[in-house]
Structure formats: C-alpha cells, structure tokens
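Please read the structure below before turning to the comments.
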Amino acid sequence: MEPPRIELSSDTQTRPTAGMREAMANAEVGDEQRGEDPTVNALCARMAELMGKEAAVFLPSGTMANQIAFLVHCRPGDEILAEERYHVINLEGAGAAALAGAFVRPISAPRGIFTAEQLEARIRKPRRETPRPRVVTIEQTVNFGSGAIWPVEAIHEVAAVARRHGLLMHMDGARLLNAAVASGVSAASYCEAFDSVWLDLSKGLGCPVGAVLAGSEPFISEAWVWKQRLGGAMRQAGVLAAAGLYALAHHVERMTEDHDNARLFAERIAGLPGVHVAEPIETNIVLFDINGMTAEALVNALAAKGIRLDAIDTQRLRAVTHLDVNRAQVEEAAAAVAEIMGG
Ligand SMILES: *Cc1c(COP(=O)(O)O)cnc(C)c1O
C-alpha cells in the first residue's frame with residue numbers, strides 16, 4: 001500500500017528529520033544496561049531535570065513506562081484509579097492486570113479530567129474484602145479527551161485527596177510537553193505532585209523510539225530491576241537517546257505549530273453538514289463525530305485521496321497534528337472532509 005500523502009492518524013507517524021539522523025549517527029555510545037552509555041545518561045539527566053525529579057530511566061516505550069511504574073507501586077490485588085478512556089485501560093493489553101496483578105478501576109469524567117470529589121467518591125474505605133486502592137493515574141494530555149490539558153490546580157486538588165488516603169500519584173505524560181508548550185506552565189510544575197512521571201519521545205517530539213520515566217532515586221532504582229526483568233535493558237542505546245536530546249533542543253517550541261494546525265483543522269470542519277467537533281482543541285488532537293456515513297466510510301474516502309485519519313468508534317474520528325504535517329496539508333485534509341461530507 002502507498003503511504004498516505006497526508007498523515008493525520010497519529011503523532012507517532014513522524015520520520016526522524018535529517019538533523020535528528022545526523023545527531024543519531026554522531027552519538028557517543030556505551031553499554032546502556034551497565035550505565036555506560038554517555039548519551040543515554042545525558043538524556044536521563046536532562047529529563048529528570050525537566051520533570052523536576054531526582055532520577056530517570058530510558059525505556060523502549062511509554063507502555064513499558066506505565067507498566068514498570070505499576071509493577072513498582074503495586075502488589076497483586078491492589079487497585080489503580082484511572083479515567084475510563086485512558087491508554088492504561090484500553091490500549092496496554094490489560095498489562096496492569098497481566099503483569100502487576102493490579103485491578104484498574106475506571107472513573108468517568110468529561111474529557112478524562114476528574115475532580116477531587118469524584119476521586120474521593122471512588123476511593124474505597126479500607127476493608128479486608130475490597131481491593132486495596134494504591135495509585136491514582138492521570139493522562140497529560142488526555143489522548144481520547146481531544147488532547148485536553150489537566151490544569152495544574154486540578155492536579156493538586158486530586159493529589160491532596162490521594163495523599164490523604166495514602167495513595168501514590170502516577171502521570172502518563174505521553175504528551176506532557178504539548179501541555180507545557182500550549183499552557184506556558186513548566187513540565188516540572190505539572191509533575192510536582194507525582195511519584196512517577198514519564199514522557200514519550202516517539203509522539204510530538206518526533207523521535208523513532210523511546211520514553212523516559214522519572215521519579216525519586218529509590219523509585220528509579222526499583223524501576224531498573226523491572227526494566228531488566230522485562231527485557232527493556234539495552235546496549236548502545238545512545239543512538240536513540242541522541243534523537244531525544246536533539247528533539248528537546250529543536251522540537252519542543254515548534255509544537256505550537258501543531259496546536260495551531262489542529263485548531264485550524266477543527267475550525268474548518270466544525271461548520272460542515274454532519275460534522276460535530278466533539279470538544280475544544282487545546283493541543284494537537286481533534287476528535288470529531290459524523291453522521292450520514294460511518295467513520296470507517298469517511299476514513300476510506302479520505303484514504304482514496306491520500307489522507308489518513310483514524311476511526312476510533314463507529315461515528316468518531318481522530319486527527320492528530322505533528323512535525324510531518326504542515327498547514328497547507330491540514331487545509332487540504334479539511335477541504336477533503338468538506339467535499340466528502342458535502343460541505
Ligand atoms: C502513546 C501513548 C502511550 C503508550 O506509549 P507507547 O510509546 O506507544 O508505548 C501511553 N499513554 C498515552 C496517553 C499515549 O498516547
């Protein structure tokens with residue numbers, strides 16, 4: 001199959017740029033699992049500082065970052081609280097159950113952002129026969145909440161409830177830097193209330209591989225045990241970490257373009273017949289619902305024009321902007337939706 005000309009299905013679909021490839025080619029390397037890769041060590045130090053934590057560990061993926069955090073935090077039978085649309089519930093093969101033996105109890109909240117009251121109501125009173133609540137997870141930004149940003153005050157309110165009940169706080173920060181760039185709030189401020197946080201290199205940052213998990217020294221030291229156990233320890237991984245360092249220097253501020261492009265796409269399609277933009281656009285993700293045809297039919301009609309979006313439900317689609325899609329392409333994609341929907 002021909003690759004699409006205009007790729008809006010995910011911000012994971014970027015190719016490393018020439019500058020990034022050059023940085024990768026020139027990376028100093030060593031044995032990562034012995035702690036001897038200078039580029040990985042530099043990336044981890046930078047990321048720990050960025051997220052305001054003592055230490056960090058480089059991992060192959062964000063999924064592994066979530067799972068390792070749960071493995072460190074939980075014992076079998078423990079309960080993790082998360083919003084029902086989060087990645088940890090829907091897209092990690094029930095990893096928390098399969099690996100940590102933890103039960104994920106969903107909370108339902110608009111755009112995936114629950115309140116302190118909602119959390120309080122969902123925390124079970126300690127009883128021998130109930131699961132033991134252990135971790136509260138939030139997603140920054142909320143992927144299936146149209147990239148909504150968890151406001152820093154809302155995080156602190158939720159964290160206060162969690163602390164009062166002796167629970168730990170975990171952030172799935174796959175798109176943490178989109179939140180920081182869009183709001184002007186520092187990544188470290190967003191991370192302050194958390195025991196564990198991670199961000200993805202392979203989303204808006206445009207790297208081919210990797211995620212970085214951060215926390216206290218003792219947490220990261222335990223995370224390393226699980227990284228080794230799960231086969232996540234690497235060797236000359238500096239070539240990958242170099243992409244991350246390059247992205248921190250070149251691909252952070254530019255995310256405002258992605259956010260502008262997402263808003264532009266949403267504005268262009270919002271008034272079309274049979275199209276309803278589900279939620280306000282704060283970052284790089286647009287969710288929209290259609291009627292008159294299925295989401296799959298629209299995906300196929302767009303594919304015929306070389307444009308790729310994702311159907312995420314029978315009537316709902318997702319468009320994600322990123323480094324490899326420019327304003328003109330976003331305009332073309334919106335015009336194609338208009339033509340197909342009869343706008
Ligand atoms: C992509 C994503 C993950 C998983 O990251 P991978 O690097 O793809 O394993 C987890 N959470 C959210 C919110 C994501 O968008």
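If you go along the chain as it appears here, the first residue is 1 and each next one adds 1.
Every residue, even glycine, has its Cβ placed from backbone N, Cα and C.
Taken straight from TrEMBL:
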DOMAIN    8-288  domain 'Aromatic amino acid beta-eliminating lyase/threonine aldolase'
MOD_RES   LYS203  N6-(pyridoxal phosphate)lysine
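Taken together, the residues of the domain 'Aromatic amino acid beta-eliminating lyase/threonine aldolase' (8-288) have an average pLDDT of 98. The Cβ of LYS203 (N6-(pyridoxal phosphate)lysine) lies under 8 Å from the Cβ of ASP11, THR12, GLY62, ALA174, ARG175, HIS322, each of which sits 6+ residues away along the same chain.
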